[in-house]
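Just below is one structure, and these are the notes that go with it.
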C-alpha cells in the first residue's frame, strides 16, 4: 500500500460521505484553481492538478469509490481494478466543461488568426483650475506604437507572408497527453499567434509595429475634477498582425491655485480684512474664477473665520448646467508696526472698552475666574 499518496477525499477537500454533486462541485473549483494554464511556470500546480484529477476519477465512479473505501490506494496498484487504465478516457468527458471555462476566452480572441488587440496607454496631464472652469482643447505629443507601413503590420518582409505554424496548424495552442489527462497549452513555436515569420520585416524586426511621435487633440470639458479620466478610443498602441488598436486614457490632475481651494463644485478662499473694517463693517472686493471681481459686505463686529457665500461663482458641474458657489472666509488682521500715535489711540480705546464691545473675551475670563475660584474653595 502506498505511503506517499494523499487521501483522495482530502485532495478534493470533501467529507467521506460527500454525494456526487458535492464531489463535482469541489472538483470543478479545484481544477479551475490549479490548472497549469492558470499558473504558468509553476511545476507544483501541475502535480496538484494531477492529484485532483486522479482523486475525482476514482471517487466519481461508484465501483472504484467502493474499492477505494475498502482497500485504499492499494485497490489500484499492481493492476488492481483495471490498473487505472480507464482514467484517460474518463478525463476527456469529465473535463469538457472545465476546458470550456478555461479556454473559452482564448477561442474568442480569434484563435489561429494571430491578431492581437493593441495595448491601452495612459497619459498624465496637469491642468489649471481656470482650464477646468472654462474647458479647453489641449495638444499633446506621445510616443506610440503604430502599424509598420513597410509590412502593413504583418511583420514579414515585403514580398513574403507569414506562414501557418506547422506545430499547431494555426490554432495557436497545442494539446499534450500526460498520462491519464491532456493539457492544452500555448504553442511554443508561434507563442499562440498561429503563424510564424521566416523572413522578418527589417523596419519593425517582425513585430508589425514601429514607435512614432503622435500629436493628438484632447478636448477637456468644463467642470472636470482632479482624477477625471478621458478616453480616446483607438489612440492606443496598434494591434498586432491586423488586430484592433488599444485606447488612450488621459488622467487629469489639477494644479494648486494661488487663491482658491476647490471642494467639488464649490470654491473657497481666505481674505484678510482690517481690524477697523471688522469692527465697523464695510465691504471689499474679491477676485472670481472667471477673472472678474465681486464685492463682499461685512457687518460690524465680524470675527475671524466668518464665511460669506457668493452664489453661482463656483465651478460648473461636469455635463450639467449646475454651478457651484464661492465661499469667502475673512481673517481679521492684527495691525503691526504701529506708530506712537496709533498706540496711544488703541490704549485709549482699551480704556473706553466695556463688556459689550468684547463679549467673548469677557465671557472667557469670567469662566477662568470661576474656575480658579472653585479650586481655591475646594477642601
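A Cβ is built for glycine as well, from the same backbone N, Cα and C atoms used for every other residue.
Secondary structure at residue 204 (Zn(2+) 1 binding site), taken from DSSP and collapsed to helix, strand or coil, is coil. Taking all protein chains in view, 22 other C-beta atoms sit within 10 angstroms of the C-beta of residue 204 (Zn(2+) 1 binding site). Annotation source Swiss-Prot lists Zn(2+) 1 binding site at 148, 151, 201, 204, citing sequence analysis.
Cβ neighbours within 10 Å of residue 165 (Zn(2+) 2 binding site), excluding its own Cβ and spanning all shown chains: 22. Look at Swiss-Prot and you will find 165, 168, 187, 190 tagged as Zn(2+) 2 binding site.
Annotated domain 'J' per Swiss-Prot: 7-72, in sequence order. Counted with DSSP, the domain 'J' (7-72) comes out as 51 helix, 0 strand, 15 coil.
Break the repeat 'CXXCXGXG motif' (148-155) down by DSSP state and the numbers are 0 helix, 0 strand, 8 coil. Residues annotated as repeat 'CXXCXGXG motif' in Swiss-Prot: 148-155 (among others).
When averaged over the repeat 'CXXCXGXG motif' (165-172), pLDDT in the model lands at 86. Annotation source Swiss-Prot lists repeat 'CXXCXGXG motif' at 165-172 (among others).
Under the heading repeat 'CXXCXGXG motif', Swiss-Prot lists 187-194 (among others).
Remote same-chain residues near the repeat 'CXXCXGXG motif' (201-208) are listed as 147-151, 153-158, 238, 240-241 (criterion: CB distance under 8 Å, separation of at least six residues from the stretch ends). Annotated repeat 'CXXCXGXG motif' per Swiss-Prot: 201-208 (among others), in sequence order.
Feature annotation from Swiss-Prot assigns zinc finger to 135-213.
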- Query: If you count Cβ atoms within 10 Å of each one, which of the binding-site residues 151, 187 comes out on top?
  - Reply: 151
- Across the zinc finger (135-213), DSSP labelling yields 0 helix, 35 strand, 44 coil
- Message: Around the C-beta of residue 168 (Zn(2+) 2 binding site), how many further C-beta atoms are within 10 angstroms, looking at every protein chain?
- Response: 24
- Message: Applying a 10 Å Cβ distance cut-off over all chains shown, what neighbour count does residue 148 (Zn(2+) 1 binding site) have?
- Response: 20
- Item | Least surrounded among the binding-site residues, given as 190, 201, when other CB atoms within 10 Å are counted | 201
- Message: Distance check, please: Cα of residue 165 (Zn(2+) 2 binding site) against Cα of residue 201 (Zn(2+) 1 binding site), rounded to an integer number of angstrom.
- Response: 18
- Item | Integer Å distance between the CA atoms belonging to residue 204 (Zn(2+) 1 binding site) and residue 190 (Zn(2+) 2 binding site) | 18
